[in-house]
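Below you'll find the structure, written out as structure tokens, and then a few comments.
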Amino acid sequence: MITMIRRFIQLDAAAGVMLMMATVLALTFANWSVTAAGYQQFLMMPVEMRFGALEINKNLLLWINDGLMAIFFLLIGLEVKRELVEGSLASRQQAMLPLAAAVGGMVFPALFFLLFNANDEVTRVGWAIPAATDIAFAIGVLTLLGKRVPAGLKVFLLALAIIDDLGAILIIALFYTQQIFWPALGGAVLAVAALAYLNRQQVRKTSAYLLVGIVLWVCILKCGVHATLAGVIVGFFIPLRTSNGEPSPAVTLEHGLQTWVAFLIIPLFAFANAGIVLQGIVLEKLFSPLSLGIAAGLLVGKPLGITLLSWLTIRLGYARLPAGVGFSQIVAVSVLCGIGFTMSIFITLLAFSGGDAELITYAKLGILLASGLAALLGYLALRGVLPVLDKAVQPCKG
């Protein structure tokens with residue numbers, strides 16, 4: 001288990017670097033006169049796929065956001081299932097602290113956003129934008145502190161982020177679903193039933209689940225619910241345990257996907273969506289209720305919610321601090337959780353899917369600026385509270 005956590009952290013740290021590079025490239029390409037037009041043409045390039053009579057025609061940007069991101073959510077589904085069955089969320093005692101922290105880290109940012117936007121019926125639909133945490137960026141910053149970071153603090157952050165991702169998935173399903181096309185929803189229900197049947201029959205071939213998953217993705221895409229949810233559903237049904245000692249299909253697929261997601265899908269998503277055209281940006285609008293609400297949610301709501309609910313859960317005796325971790329370290333890492341970036345941008349695109357380009361631009365700017373500041377403040381806070389290297393808690397051998 002410790003070995004798996006180390007591998008995950010190392011991969012996410014490298015992914016964080018890739019994300020930063022992709023973001024810088026996107027901003028450069030979108031604003032440099034030599035590449036700006038080509039960048040937009042690349043994203044708007046039409047891509048058509050046919051499956052018999054079925055035709056799906058979208059531009060490249062939407063294929064990245066609806067198609068490739070479904071693979072990212074498949075990985076999340078696999079990770080959540082593993083943690084729930086045999087990982088850091090497998091028991092009530094283990095799960096309570098990160099669960100409480102994650103709930104606080106979603107509710108409080110939304111409340112802070114609404115403080116600025118509750119009276120604006122156009123912008124208040126973005127209340128969930130600051131509720132997300134970008135685990136790759138957060139882990140990337142955490143690893144800059146090396147062996148000073150206790151293993152228990154890393155596990156806490158990973159568990160919190162996994163629950164946070166699950167919360168974001170539920171928010172997308174419940175609050176950002178457009179008009180339902182019922183025949184397609186019926187097809188999605190049948191596809192889920194087929195996945196359940198495969199699981200119950202203990203089918204071990206991952207390809208069988210993925211084929212049904214493609215059908216599910218198409219049905220969900222057509223019915224009006226966001227298609228990326230298909231990935232999570234498929235991940236939950238792929239078997240984790242085997243009775244005859246064979247390799248776990250879920251763990252095998254998870255390991256196979258991690259590199260592709262970390263080094264291709266998420267950086268490509270960042271490259272496609274972080275290219276904000278800075279020309280024409282009005283400073284007054286940068287301090288609009290939308291941008292300020294996002295910044296307040298990420299920079300104040302996140303750490304406040306995580307800290308308060310963590311303290312309350314420990315105080316009431318429902319959980320205890322991880323071994324070798326002080327409460328000041330929980331407070332410091334809560335600041336780091338204000339890095340919203342990819343998931344916050346993803347929810348922005350859903351919240352303002354009507355196509356208001358100006359709202360999306362200023363929301364993205366708020367996310368980028370707040371996430372960058374959260375990364376800096378979180379790093380400085382952790383550097384101040386973590387033990388010096390010679391006194392650091394040594395990681396467990398695994």
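Cβ atoms are placed via backbone N, Cα and C, with glycine included.
Swiss-Prot has this to say about the protein:
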| type | residues | note |
| --- | --- | --- |
| TRANSMEM | 14-34 | transmembrane segment |
| TRANSMEM | 60-80 | transmembrane segment |
| TRANSMEM | 96-116 | transmembrane segment |
| TRANSMEM | 125-145 | transmembrane segment |
| TRANSMEM | 155-175 | transmembrane segment |
| TRANSMEM | 179-199 | transmembrane segment |
| TRANSMEM | 214-234 | transmembrane segment |
| TRANSMEM | 263-283 | transmembrane segment |
| TRANSMEM | 292-312 | transmembrane segment |
| TRANSMEM | 330-350 | transmembrane segment |
| TRANSMEM | 362-382 | transmembrane segment |
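By the Cβ criterion (distance under 8 Å, sequence gap of 6 or more), the transmembrane segment (96-116) is not counted as touching the transmembrane segment (179-199), fewer than 3 such pairs being found. Within the chain carrying the transmembrane segment (362-382), a Cβ under 8 angstroms from the stretch's Cβ atoms is held by residues 23, 126, 129-130, 134, 137-138, 141-142, 144-145, 149, 273-274, 276, 281, 285-286, 288, 290-295, 298-299, 302, 329, 331-333, 335-341, 344-345, 348, 351-352, all 6 or more beyond its ends. Among the listed stretches 125-145, 263-283, 292-312, 330-350, the one sharing the most Cβ pairs under 8 Å with the transmembrane segment (60-80) is 263-283.
Highlighted: of the candidate stretches 125-145, 214-234, 263-283, 263-283 has the greatest count of Cβ pairs under 8 Å to the transmembrane segment (14-34). For the transmembrane segment (292-312), same-chain residues at least 6 beyond its ends with a Cβ under 8 Å from one of its own Cβ atoms are 97, 100-117, 123, 126, 129-131, 133, 160, 327, 330-331, 334-335, 337-340, 344, 363, 366-367, 369-371, 373-374, 377.
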